[in-house]
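Q: The following block contains the structure, expressed as structure tokens.
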Amino acid sequence: MSGYPKSYNPFDDDVEEEDTRPAPWKDVRDLPDGPDAPIDRQQYLRQEVLRRAEATAASTSRSLSLMYESEKIGVASSEELVRQRGVLEHTEKMVDKMDQDLKMSQKHINSIKSVFGGFINYFKSKPVEPPPEQNGSIVSQPNSRLKEAINTSKDQENKYQASHPNLRRLQDAELDSVPKEPSSTVNTEVYPKNSTLRTYHQKIDSNLDELSVGLGHLKDIALGMQTEIEEQDDILDRLTTKVDKLDVNIKSTEKKVRQL
């Protein structure tokens, strides 16, 4: 047998527990129609304005954080393109040097074929060969557009780090500096004079200004990378032609050596 009386409703406890839950956010449809309705409506509108201003500030801060990260990635990619250009230019110079050495070898082979020619060439002064290139760090200059974009972004990097030490949590760092008022204690003053709302508006405007500048940097980086890639494509085309020509000359020289 149950220990409860017959008239006991087991769901009464649930009702009491539900009453202890925090009240949901007021909606305009939940506002009373009594004499306090105008005051409640004003308070609701102020809360709604603050809530939306806070959400907008957080959203623009997140967008700003993503923009900073994108710019850093763009600069890193541009620097890798510059390094790649240096490798291509160095490779092209090495191929040119190999072609010169191969031409000199072909002249020696042709002179060896004739004993008389060999004696004459023996007493002739040897041609002056260019000094070998010193192997060192490869220094290459990118196109002017990309170089300017990289320098501009790097100049701004210190400013970004000083303003936002942790870019991945930029939105938290930004909003923590904004004084917040509890939603239940909104001032009865007209909200344009509200310091919290004014701070949110200033933060939103500042974020939008920085977003505009940052997007301009991203555009310059993208255009500079496009020009750099096109120029490196030209280097690759030249290098491919020279390598093909060098391969043919090597096979021809090898054939002449076997005929000696």
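Heads up, the Cβ atoms here are built off N, Cα and C, so glycines get one too.
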Q: Can you tell me which of these residues Swiss-Prot lists as phosphoserine: Ser61, Ser65, Ser125, Ser195?
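A: Going through Ser61, Ser65, Ser125, Ser195 one by one, Swiss-Prot flags Ser65 as phosphoserine.
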Q: Labelled coiled coil by Swiss-Prot, one stretch among 76-107, 140-171. Can you tell me which?
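A: Feature coiled coil in Swiss-Prot: residues 76-107.
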Q: A 10 Å Cβ contact count, applied to the modified residues Ser77, Ser206, Ser212: which residue has the minimum?
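A: Looking at the modified residues Ser77, Ser206, Ser212, the Cβ with the fewest others within 10 Å is that of Ser212.
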Q: Cα-Cα, whole number of Å: Ser77 (phosphoserine) versus Ser65 (phosphoserine)?
A: 19
